[in-house]
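These notes are about the structure you will find just below.
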C-alpha cells in the first residue's frame, strides 16, 4: 500500500507543482540551418521509422509515467488509445506494485486500447537487489504483452526518498541475468539525470542494445521527492539537487560516443517536435516526452491526441524546412551548434 500511496503522490505533485530541473536539456544550443527551397511536397514528408521490429508512424515515445492506482489506470488507457491512433510507442510506469498487489494489473493493462503499438513494461533496476527475479521480470512483460522491458535507474530519487532503496551494490551482474533470461529486449533508462559514456559502455558490454538517456532538463525526481518530504531536513536534502545531472543533449552525445550501433532513445526536457528533430539529428533513433502528455491524459484522450498531433506537425515542418524528406534525411540535416556548423 505504501507503493500505491507513493504513486498517488507522484501523479499529484507532477500535475500541480513545478518540478523541473534547474538545468536545461541543452537543445537550445542547437539550431537547424533553414532551407528556403526544400523542393519537397509537404504531403509526402515521411516520418515513419522502425523500432523493436514494428513500424512507428513517427519516432515518438510516450515516456513512462504511472500505474498502480485508479487515476493511473485512466491516464494509461487514454495514453494508449491515443498512441494507437497515432501509431507511436508508449512506456508504462513502474510495475513493481504488480508484484505485491496483483489487483493493480488493470491499471497497466492497455492492450485492449492499443493492440498494435510498441509497448514497454517497466520496473526499477534496483529492485533486483531486493528480491525481484528474472522470472518475475518476464511475468511483468507477459502480463501486459509488452515488446520490451525498461529497467530504470533512479539512484538519486531513491536516495532522496525516506523509504528509498539504497543498496545499489553488485547490480550490474543481476541486470545481465535479466538481459540473458528475457524473451524480449531490455531497455536501460535513466529517469532525468542522464547516462554517461562510461555507464553506457557498462551496459553495452553486458548485451544491452537499447538505452534511453533520460537526461536533465525536464522533470527532476529529486524535486518531486522534496515535495513528498515529511520534514524540513528531507526537503532541504532533496531540494539541493535541483541542478544535478547530465543535460539530455550532452548525455545523447556521450552515449553515441560509446556506440554507434545500439538503439538510442532521447528523453528528458524535450518540449516539442522541434527538440525531437534535433535529438534525431544528434543521434537518437526515437525521442520521448512525458510531462506534456501527463497533463493532457489527466483530462481526456482527445487532448492527448491533440498533443501528439502538435508534436508530429512540429516535426514535419522542421523536416520540410531542412529539406528532409525522411527520418534518415533528417539525421543528416545541416545544423549549427553554438553558431558553429556541424557536419
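Glycine is no exception: its Cβ is also placed from the backbone N, Cα and C atoms.
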Same-site residue for FMN (record: Swiss-Prot; known: 63, 64, 65, 66, 94, 122, 219, 269, 270, 271, 290, 291; options: 145, 189, 197, 316): 189
Of these binding-site residues, 63, 94, which scores lowest on Cβ atoms within 10 Å? 94
In chain order, residues whose C-beta lies under 8 angstroms from the C-beta of residue 95 (substrate binding site), counting only those at least six residues away in the same chain, are 67, 68, 108, 121, 122, 123, 140, 144
Rounded to a whole number of Å, the separation of the Cα atoms of residue 96 (substrate binding site) and residue 158 (Mg(2+) binding site) comes to 14
Which site among 6, 7, 96, 189, 271 has the most other CB atoms no more than 10 Å from its CB, taking these as binding-site residues? 189
